[in-house]
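Engineer: This structure is in C-alpha cells; I'll ask about it shortly.
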Amino acid sequence: MARPKKKGLRIFLRIVLIVVGLFVIGGVGMLLANYVIMPLITGKGAEVEVPDVVGMYLEDALIRLEEQSFEPVADEKRPDTLYEEGVVVEQKPRAGALVKKGRLVQLTVSAGEESVRVPYLLGLTIDQAEAISERRGFSIASVDTVKNDTVPAGRIAAQKPDPEIRVKPGTSLHLYQSAGPSGKDIPLVSLIDTTLVRAREILEVDSLYVEVIHQKVPGKGGIVVLQSPEPGVLMAAEDTVRLYVGEEP
C-alpha cells in the first residue's frame, strides 16, 4: 500500500521542481507550464475540444475559454494588419485540438497596425528636414513654397501629415517652405456708411480693386452697407474688396 504514496510523492516533487524552474528559465517556463505541468495536473478526465477564439476581442475570448474550463493567458502582443488592436490573432493550442479541461491556452493579441511617429520638421531648412526624414525612414514627396509672415524664408512653414502623429511606415511627407512675408501690410479701413464714390477713392489710394454688389435697402441708396473682408484685415496691393451697396427698392 506504500507504493502509491511514493509514486504520488514523486509526481508532487516533479511538479515542485518544474515550478522552481519557471523562475530560472523565464520564457521557457511558459512552455513547460503548458506542456508539462498542466498535463500532469489535468492528466485525468475526458479530452475536450479547444474553442476557436482567433478574431475575438480579448475580453470575449477570456470569457469563452473560462466558461469551458480552460486557463487563458494573454502573454504577447504584436502588430497586425488584419486584426484591429485588442483582437486575438493566435492561440496555442490551436482551435479544435483535443486537450484536457483546465489546460493553459496562450493568446497573442493584436497591437494594431505598426506605426511610426512623424518627425517635427517645422522651422528647419530643407536640407535639415531631408536628413531627419531619411534617418526616420520617411521620404519627401513634394516641397511647395508658401507666403508666410512669421516663418523666415527658406524654412519649413507647414508639413503634411502633421508632426508627432503616428502613421504607417513608408508614409510620404509633403513640405511647405516659407517664401517670406506675403506683402499684406495694408490694414483695411471701415467703409460702411460711406458713399460708393468715397469708398472707391479711399481704396484706390492703396491700389485696391473694388467689386460692387447692389442690394435693395430702403434709405441707403449709394451707401456701403457691408464689406468683405472686414475692417482691420491686412491686404496687399491689387487685392479686391467686395462692397455691398444699398439701392432703393
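Cβ coordinates are placed from backbone N, Cα and C, and glycine is handled just like the others.
Per TrEMBL, the feature transmembrane segment maps to 12-37. Taken from TrEMBL, the feature domain 'PASTA' applies to 45-111, 112-179.
Tell me about the surroundings of these features in the structure.
Structural biologist: Over the domain 'PASTA' (45-111), the average per-residue pLDDT in this prediction is 93.
For the domain 'PASTA' (112-179), the number of residues in each DSSP class (helix H, G, I; strand E, B; coil) is 10 helix, 26 strand, 32 coil.
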